[in-house]
Amino acid sequence: MDNNGKGNNTSLHDDPLMSEHSCFYFPGWVSNVPQMPFMYLQVQMLVIFVINQLFHRLFFQRIGMPPLVSELFTGLVLSYTGIGKYKAFRDVLFPDKNFNMIKCIILFSYTLFLFINATQVDFTIITRTGKKTMMIALLSLGSSVAANVVCVQFFKSGQGTLGDLRAALAILPIAAFANIIRLVSDIGLLNSELGRLALSCGLFVEVGSILLTMVVNTIIPAFDSWSMARIAMIDVSGATAILLAVIFILRPLMKFLVRMTPKDRPIKDTYVLFAFLSMLGIALCTTVFGQFVFLGPVIVGFAIPNGPPLGSALMDMLDSLFNRLLFPFIVSASAVRIDVFSINFNGTLAYHLLILMAVTTVTKVIVSFICGVGNNMAYCDALALAFIMSTKGFLELGTMMWISDFGGMTEECFALLALYVIFMATLVPFVVKLLYDPMRKYGGYQLRDIMHLKPNAHLKLVACVLRSGNISSITNLLEFFNPPRNVPIAAYVLHLVKLVGRCQPLFISHAMQKRQNSYHSYSDEVIWHFDRLQQCSNGGLSTQVFTAMARVDAMHEYLCTLALDKLVSLIVLPFHRKFGLEGFITFEDHEQRLLNTSVLARSPCSVAILVDRSHVNLRNVGESSNRATPCMTVTYVEEPLVSVGVIFIGGNDDREALAFARRMNRGMRVKLTVIRLAASSDSEEFMNSLDAKAIDRYLREAHFEDSSLNQQIMYIQITVKDAVETVSTLRSIVHDYDLLIVGRRFNSHSTQTAGLEESCEVEELGVIGDLLASQDLKCRTSVLVVQQQQHWI
């Protein structure tokens, strides 16, 4: 082929596979694709995207593998090992003459990815990490490095093989923090105890890895000759100067730019652009001084304050573009270079590398496992952590490509290490999901509901606040209780904040937090309202506020874990729909609905969903009543009675709803009415059932505790023939109460509700709750839907 690229068509059509009689024949315009770079790139991205989606949707997703595995196998199929071995395909998709361009795109994308991940890391957490984390991380990294060094010295290889072994030393012992983040995120463990421990360990390993790469890339070659030692001294001095400049100049400057931004206002685009250009400049400087091109973006990312406003602004600008478009492409394109046929499995290099891989993996797994068990971790959890610390992924491929381009690694070494990366990226998620089940911690968590509480036991509950509008709903419900001092209520309020600009989830106990912590501002409004509510409760109510920053699909983990740790009997969740003043739905919060669904399925205790309509304007909906309007006041005693009704059909959830209502009646402020909707044919069967005993018990308890409560507790039985009469009855009584409490009764069938399941719009509320929460009723009656603890173990 000549220099101007004119021999391309000839080379394609001279190939037997490109003859007109071949099934692999391409039209003439296809041969010109490599000469049109943009069109060539479009074809590559399209082919990679289609094959990747087919692999993931049809196979890997169904067996629980993360998207990374599909992307790696896509690259392997298109590589010299797969269909890329045919020159016809290779010249159209990945021709040698255009591969330099794609390598630049890949390396820049890796640089961008590391920068994005580093900006999400709260690097100061390393100063607050315990000895357990530090010991696991350092021993895991140190033992695998030591094992590699011993093996390399033992091999006594020739000069050619020694270069490949040194390159392997920079790849095999390291567990990149970016790989750990993506792994625990993809398999749904980001908010689990194991995931948080793995991230903390990974951050320590990241620091050690940076030092290791500097040693391997700069200091080890210095022992080869005096000239190399002189170059190493210059490189180390330059890298040290850059690091100090980032710590003492760039990071204070970034903090100053954040302080210059008004609270709750977006940061200026100029500041965001300055941070991005700083990353490019530092990356260039570190490369000039002989360091990995990836070192600069990592240290600049660590220097940028994570979270709003700067970290989140960078995430908004770069994350969507990268994760949705560039990341699958660069991972697959990096794996395209794998050529299994270049490996001589009978050669010395393959023999030595296979030993290094086995020794590194076994050493790291054993040491991490022993450290975990030594720190009182369960055997399965410790082994799962050991495999997470041994994970490999896309970052190793990028590092290998960079080393290979500088002549530090042969194609045989690249292929062997790449196959090892693919093997570990596939094995580790499978093993971790097999060993660790985040719901296993609920295994011994039985009888944690209101119905099984002793009559005078303290009631503990967790209340969820996701939006500022949820505050009034929860405070109104707690005001209804007006608990006496001898039977108090402990309310643990969890303010959930969507994780933006951070990769590490965060949990804050405001009772233990110092005021100067910047994270306090996230929950100032929540803290103020619930502190004031506690002060007005005359000692019967205690509140404690927590804040959790997490991804939306993982928020339920914090709610369930807090309920488990505090031994609570109930989790209270706001309904995902908001009603306007006229009773119509004005807003649907899909994130709240996802949270509610997840908690209902996984909660270790009972769950209640609160549909708040207390703010609805009575005049607008044509309803008139003298009912109490909840509001925050200094004393509860002078307020009128709150009318609460319990719709009782039968079943565990209805009995739990009755137990909850009975607890509300303890405060001498609730007028409780139990309305049993009885089927016309179940009277005899009902008398001997648990439902009848539950109703009788609570009526007797009320009479025994205080005879004056008889005036505040009523029992009404209404016989209904079918679902039509049930609906008619509920519509007739709904306006008589401030709050109606019902059981969810999911998948429970009865004559009273037969046929309503098909018209149920919101499954989280059950058929009765869904009916009462309908905007068609146009009332101001709030609804509380209760689900008793599910014994799924």
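Cβ from N, Cα, C; glycine included.
Automatic prediction, not curation, is the source of TrEMBL annotations.
Feature annotation from TrEMBL assigns domain 'Cation/H+ exchanger transmembrane' to 54-433.
What TrEMBL lists as domain 'Cation/H(+) antiporter central' is 491-614. According to DSSP, the secondary structure content of the domain 'Cation/H(+) antiporter central' (491-614) in residues is 46 helix, 40 strand, 38 coil.
According to TrEMBL, the feature domain 'Cation/H(+) antiporter C-terminal' maps to 642-789. When averaged over the domain 'Cation/H(+) antiporter C-terminal' (642-789), pLDDT in the model lands at 81.
Marked as transmembrane segment by TrEMBL: 38-56 (among others).
According to TrEMBL, the transmembrane segment annotation covers 68-86 (among others). Listed as Cβ neighbours of the transmembrane segment (68-86) (distance under 8 Å, sequence separation of 6 or more from its ends, same chain) are residues 17, 24, 47-48, 51-52, 55-56, 60-61, 93-94, 182, 186, 327-328, 331-342, 393-394, 415, 421-422, 425-426, 429.
Sequence-distant contacts of the transmembrane segment (98-116) (same chain, at least 6 residues past either end, Cβ-Cβ under 8 Å): 34, 37, 40-41, 44, 178, 279, 283, 293-294, 296-298, 300-301, 314-315, 318-319, 322, 326-327, 329-330, 333-334, 394-395, 398, 401-402, 405. Positions annotated as transmembrane segment by TrEMBL: 98-116 (among others).
Long-range contacts of the transmembrane segment (136-155) within the same chain: residues 161-162, 165-166, 168-169, 172-175, 197, 200-205, 208-209, 212, 352, 355-356, 359-360, 363-364, 367-368, 371-372, 375, 385-386, 389, each at least 6 residues beyond the stretch ends and with a Cβ under 8 Å from a Cβ of the stretch. According to TrEMBL, the feature transmembrane segment maps to 136-155 (among others).
Marked as transmembrane segment by TrEMBL: 167-185 (among others).
According to TrEMBL, the transmembrane segment annotation covers 197-223 (among others).
Sequence annotations record features per position, and here TrEMBL assigns transmembrane segment to 229-250 (among others).
Positions annotated as transmembrane segment by TrEMBL: 271-292 (among others).
Annotation comment: TrEMBL describes 349-370 (among others) as transmembrane segment. For the transmembrane segment (349-370), same-chain residues at least 6 beyond its ends with a Cβ under 8 Å from one of its own Cβ atoms are 136, 139-140, 143-144, 147-148, 151-152, 155, 157, 161, 164-165, 168, 172-173, 175, 343, 382-383, 385-387, 389-390, 410, 412-413, 416-417, 420, 424.
Long-range Cβ contacts of the transmembrane segment (382-403) within its own chain (Cβ-Cβ under 8 Å, at least 6 residues beyond either end) map to 68, 71-72, 103, 106-107, 110, 114, 136-137, 140, 167, 170-171, 174-176, 178-180, 182-184, 194, 197-198, 201-202, 205, 292-294, 327, 330-331, 334-335, 337, 361, 364-369, 371-373, 409, 414, 417-418, 420-421, 424-425, 427-428, 431-432, 435-436. Feature annotation from TrEMBL assigns transmembrane segment to 382-403 (among others).
Under the heading transmembrane segment, TrEMBL lists 415-436 (among others).
Of the Cβ pairs linking the transmembrane segment (415-436) with the transmembrane segment (38-56) and spaced 6 or more residues apart, fewer than 3 are under 8 Å, so the two regions do not touch. DSSP states for the domain 'Cation/H(+) antiporter C-terminal' (642-789), grouped as helix (H, G, I), strand (E, B) and coil, give 76 helix, 36 strand, 36 coil. Long-range contacts of the transmembrane segment (271-292) within the same chain: residues 111, 115, 213-214, 217-218, 231-232, 234-235, 238-239, 242, 246, 250, 254, 257, 260-261, 299-301, 304, 310, 313-314, 317-318, 399, 402, each at least 6 residues beyond the stretch ends and with a Cβ under 8 Å from a Cβ of the stretch. Below 8 angstroms of C-beta separation, residues 66, 68, 113-114, 117, 121, 140-141, 144-145, 147-149, 152, 192, 194-195, 198-199, 201-203, 205-206, 209, 212-213, 216-217, 353, 356-357, 360, 364, 388-396, 399-400, 403, 408-409, 413, 417, 420, 428-429, 432, 503, 551 of the same chain, each at least six residues beyond the ends of the transmembrane segment (167-185), sit close to that stretch.
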